[in-house]
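J.: This is the feature table in Swiss-Prot:
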ACT_SITE  HIS488  active site, proton donor
ACT_SITE  HIS526  active site, proton acceptor
BINDING   64-65, 83-84, THR134, 138-141, VAL245, 487-488, GLY516, 527-528  FAD binding site
BINDING   CYS357, TYR486  substrate binding site
DISULFID  CYS428-CYS479  disulfide bond
CARBOHYD  ASN30  N-linked glycosylation site
CARBOHYD  ASN76  N-linked glycosylation site
CARBOHYD  ASN146  N-linked glycosylation site
CARBOHYD  ASN151  N-linked glycosylation site
CARBOHYD  ASN179  N-linked glycosylation site
CARBOHYD  ASN268  N-linked glycosylation site
CARBOHYD  ASN310  N-linked glycosylation site
CARBOHYD  ASN381  N-linked glycosylation site
CARBOHYD  ASN407  N-linked glycosylation site
CARBOHYD  ASN468  N-linked glycosylation site
SIGNAL    1-27  signal peptide
Amino acid sequence: MEKSTMSAVVLVLNLLVLHLQYSEVHSLANTSSEHDFGYLKFVYNAVDLELEGSYDYIIVGGGTSGCPLAATLSANYSVLVLERGTIATEYPNTLTVDGFAYNLQQQDDGKTPVERFVSEDGIDNVRSRILGGTTIINAGVYARANESFYNNSGVEWDLDLVNEAYEWVEDAIVYKPSNQSWQSITGTAFLEAGVHPDNGFGLVHEEGTRLTGSTFDNSGTRHASDELLNKGDPDNLKVAVEAAVQKIIFSTESSGLTAVGVVYTDSNGTSHRALVSGKGEVILSAGTLGTPQLLLLSGVGPESYLTSLNISVVASHPYVGQYVNDNPRNFINILPPNPIEPSTVTVLGITSDFYQCSLSSLPFDTPPFSLFPTTSYPLPNQTFAHIVSKVPGPLSAGSLTLQSSSNVSVAPNVKFNYCSDPVDLTHCVSGMKKIGVFLSTDALKPYKVDDLPGIDGFNILGTPLPENQTDDAAFEKFCRDTVASYWHYHGGAIVGKVIDGNFRVTGINALRVVDGSTFPATPASHPQGFYLMLGRYVGTKIVQERSASGEAIHTSTFKPKLMDSLKSALSFAF
């Protein structure tokens, strides 16, 4: 065979492999079941932990990436996970599909799973405070990132391993949603509005209309990253809840600046130390707000800024807390003349300029915090549909700063600078114009209160779309005036600025970051699938790297006292 022909064959085979990786839906969790709390046998309240302990890996944050990362590493090494929140059995409403709105409605008492904050843009927002992270409080939408994200990420991915990591997650906690009336109508309207092609059911982020995966099963039970802890080795894995990590401990001995442990406090305010043994590491998985905050409090960040706060500079890192972005969420609420059934987001409309979806809801007396931009937004007195457009990327970047220079429990300040980049504003305008086309479809006619053409005839809750679909200035004003958070904020410790392509903090040994702070753009319309995969992926890469070096595997067995509340939770779970 000629060389050119052989090269062509190889190219075709490689493209086929990539196509299979990104287009085929592999096995999902296929039966509804209770949330699996088997892992509680190795979960402890931090008050019951030793004042000083040693572990191969210390993971700060038991959230979307932290849980799969911990489970993976525990197959070979001793692992401690430090989570500032508590467990889901303390808040059973987190475990149902109805809990999404309910948990946003609960007042923040300093312990609830949803921590409220208002960005310096003046927009309401939330972060998680529970084992399982945002996978315990979100809307359950599951998608894989697309090929272009990997190509532009600054990381040399092993795409076979990426695919295996996705499957590892999906087999445990991802479901194909059942048919929901409003979601079916949403899909029909997207297609009628020109969001093509019809991709049927699939998980990969790609242009067109599709039914995507969900972490809610068809009985309405939530499944989340905490359940992935069940895949870990219980003899090697310890999870401490209500453990607030205060700072990273560093050493400057002959090997250079090295992370050697962390200091954390329990709910009684007692200080503990967890130290790294052997060639282990500290891995930060505390999220977009928590990870940059902890780096700054530990003396890793912009030198002049740290000095101004009287924080001793351990390592000058000018980009810690920079490139913090949040995807704008703009929307229209319609109040149909007849009740519609509540539904979670399962149908997506994807284009290169915007991502769209919709949910339907019962009315409520207490507003779900951050569903609308501010608490002064009008409340629905009947069932309603919330039709959403998301700006990809985004290119508009903000920053994170400390509100307290000594107390990790005081949330940092963050400003996202929504739509400050003109490209983002253009994408928002395009998206909201497409929602105008969506509202004008035949599929949406039964949801009008008056039989009027185009976008007219709907009972709109809040700000309506501009009447003139060609008035870009009016749409730009709409985008600025109605912006809300999509809860998909990211960045602050990004690849190429703070960490390298192996997720190691540059200039510091034994310190990595594996969470949503690592990339300056959202990896898909809904990012939880990517970050679940990322925990498994990086954990597997670490095990492979250490195994290839011929290191002996270190294991240890933990037998501290179970806290009383977890004993009762165990009896509840089983």
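Counting starts with 1 at the first residue shown.
The backbone N, Cα and C atoms fix where each Cβ goes, glycine too.
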J.: Near the Cβ of GLY516 (FAD binding site), how many other Cβ atoms are there if near means within 10 Å?
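T.: GLY516 (FAD binding site): 31 neighbouring Cβ atoms within 10 Å.
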J.: Give me the count of other Cβ atoms within 10 A of the Cβ belonging to ASN30 (N-linked glycosylation site).
T.: 10
J.: In which DSSP state, out of helix, strand and coil, do we find THR64 (FAD binding site)?
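T.: In the DSSP reduction, THR64 (FAD binding site) maps to coil.
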J.: How many other Cβ atoms sit within 10 Å of the Cβ of CYS357 (substrate binding site)?
T.: 24
J.: Work out the three-state DSSP category of CYS357 (substrate binding site).
T.: strand
J.: At the Cα level, what's the spacing in Å between ASN310 (N-linked glycosylation site) and the residue listed as 'active site, proton donor', rounded?
T.: 32
J.: Quick one: among the recorded positions ASN146, GLN528, which has the most Cβ atoms sitting within 10 Å of its own Cβ?
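T.: Highest number of other Cβ atoms within 10 Å: GLN528.
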J.: Between GLU83 (FAD binding site) and ASN381 (N-linked glycosylation site), how many Å separate their Cα atoms?
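T.: Their Cα atoms are separated by 38 Å.
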